[in-house]
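Asker: Grabbed the feature section from TrEMBL, which reads as follows:
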DOMAIN    28-431  domain 'Ammonium transporter AmtB-like'
REGION    452-501  region 'Disordered'
TRANSMEM  26-47  transmembrane segment
TRANSMEM  59-77  transmembrane segment
TRANSMEM  117-135  transmembrane segment
TRANSMEM  147-169  transmembrane segment
TRANSMEM  181-203  transmembrane segment
TRANSMEM  215-235  transmembrane segment
TRANSMEM  247-268  transmembrane segment
TRANSMEM  275-293  transmembrane segment
TRANSMEM  299-318  transmembrane segment
TRANSMEM  338-358  transmembrane segment
TRANSMEM  378-400  transmembrane segment
């Protein structure tokens, strides 16, 4: 009897899977979700490359750990708080799907083209990317344990409401008519304004840490940017929730916005420094992709070109805001993600097209923006931007303050920890472990008589083998070479072996 019931249930589920959903749509969203997941290491590499070497690994660790915390939170109650269809308050969901209960093969709340279980996975990856962006606010002075605890609470109190507003059928923004394709509010404003608020609570880095600052590995910045670009195609293309023309249009618009954003930002930097900076190109590319997030599934390709030019320009100038407000937003989360997301949402008010939206075969009656003579759409978008920005900043700052006053959970490391670097005091490992050779010849560390009796250790004092820098500097100063015999007096550098490096 038990076996026969089981067989009947399996047959029903198999039949529903075949008849109700197209296998191509399901496969496409599975792959798109995997592409979004690949954005996590892209963020980690980007952030690590932009930071100083002594704090590079801490940012990789923060992005990695926040990903795991977000997966747990989304399974535990995050998906239910964002997308449960039985909550009618318009602000946040209930616990009807606690622990993914009842989430299986019903049509998803986002689209009838895919099942609920797949939609939950895909939206989880959106949340993971959001918190990965957010934790960039800790750069070079934030402790990682309080940041991870903050991540779980922030997901619950900030991200889940932001996702509920425009994407849940009972959300107030959805009913208001807001056009937010792939997350201008929940993802971009949430992470950009949230990271800005977190950095504001943390306070500025020590001024001496800001002198002569430059990214420690620009190649890693470029690698992270291209991984993000690749994942963004799944991010925006998959938000059509099916293998259809709207998905292809979103991908085209993402490519165009990214390309023009990168070119414009690079040229704006060139006018000041007469250099074609790689970091500038990558920053503009990301700004274009951010703007495409809320708009790529709503607008025509020619509008995406305009959006890319505007986002590259405005986001470039927005990097000055942190200086004007005195907030040490080290990775420009506000200028790129918040401002870029706002621009994309506003572009929908002007350029959203009913014909583009209808390409998925599902949303055939959604009004566009001004080009469709829907004049009220712009003020709807502006109201939504104001609501998401204000809510995110206030709740994020209050949450960070509350955690900071809990004994043992202070958000910021000590002054000494900031000087040594978070990799040393928080992680105990290093992204790049090597003997640093500086640009100026006289800054070289010269090894003297100690070589032969002591071998320098890459880990320094940690393994009971102190670095020889202090001793060797004393040797160098006591054996000052004369100008006519410099070649004889300069100590030879030891040959490094594999264990040292």
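Each residue's number is its place along the chain shown, starting with 1.
Note: Cβ is positioned from N, Cα and C throughout, glycine not excepted.
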Asker: Hey, does the transmembrane segment (338-358) touch the transmembrane segment (275-293), meaning at least 3 C-beta pairs closer than 8 angstroms, sequence gap 6 or more?
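Answerer: Contact confirmed: at least 3 Cβ pairs fall under 8 Å.
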Asker: Where among 59-77, 147-169, 247-268, 299-318, 378-400 do we find the most Cβ pairs under 8 Å to the transmembrane segment (215-235)?
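Answerer: Selected stretch: 247-268, with the most Cβ pairs under 8 Å.
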Asker: Would the transmembrane segment (26-47) and the transmembrane segment (117-135) count as touching if the test is at least 3 Cβ pairs under 8 Å, pairs 6 or more apart?
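Answerer: Contact between the transmembrane segment (26-47) and the transmembrane segment (117-135): present.
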Asker: Could you pull out which residues elsewhere in the chain have a CB under 8 Å from any CB of the transmembrane segment (147-169), counting only those six or more residues past its ends?
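Answerer: 62, 65-66, 69-70, 72-74, 77-78, 81-85, 87, 90-93, 109-110, 123, 126-127, 130-131, 134-135, 138, 178, 180, 185-186, 189-190, 194, 198, 384, 387-388, 391-392, 395-396, 399-400, 403, 409, 411.
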Asker: Please indicate, using numbers and ranges, the residues of the same chain that are 6 or more beyond the transmembrane segment (299-318) and have a C-beta under 8 Å from a C-beta there.
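Answerer: Non-local partners: 249, 252-254, 256-265, 268-269, 283-284, 287-288, 290-292, 334-336, 339-340, 343-344, 347-348, 350-353, 356.
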Asker: Please give the sequence-distant neighbours of the transmembrane segment (181-203): residues at least 6 beyond its ends with Cβ less than 8 Å from one of its Cβ atoms.
Answerer: 126, 129-131, 133-139, 141-142, 150, 154, 158-159, 162-163, 165-167, 173, 235-236, 239, 250, 290, 293-298, 322, 327-331, 333-334, 336-342, 344-345, 348, 384-385, 388-389, 392-393, 396-397, 400-401, 404, 411-412
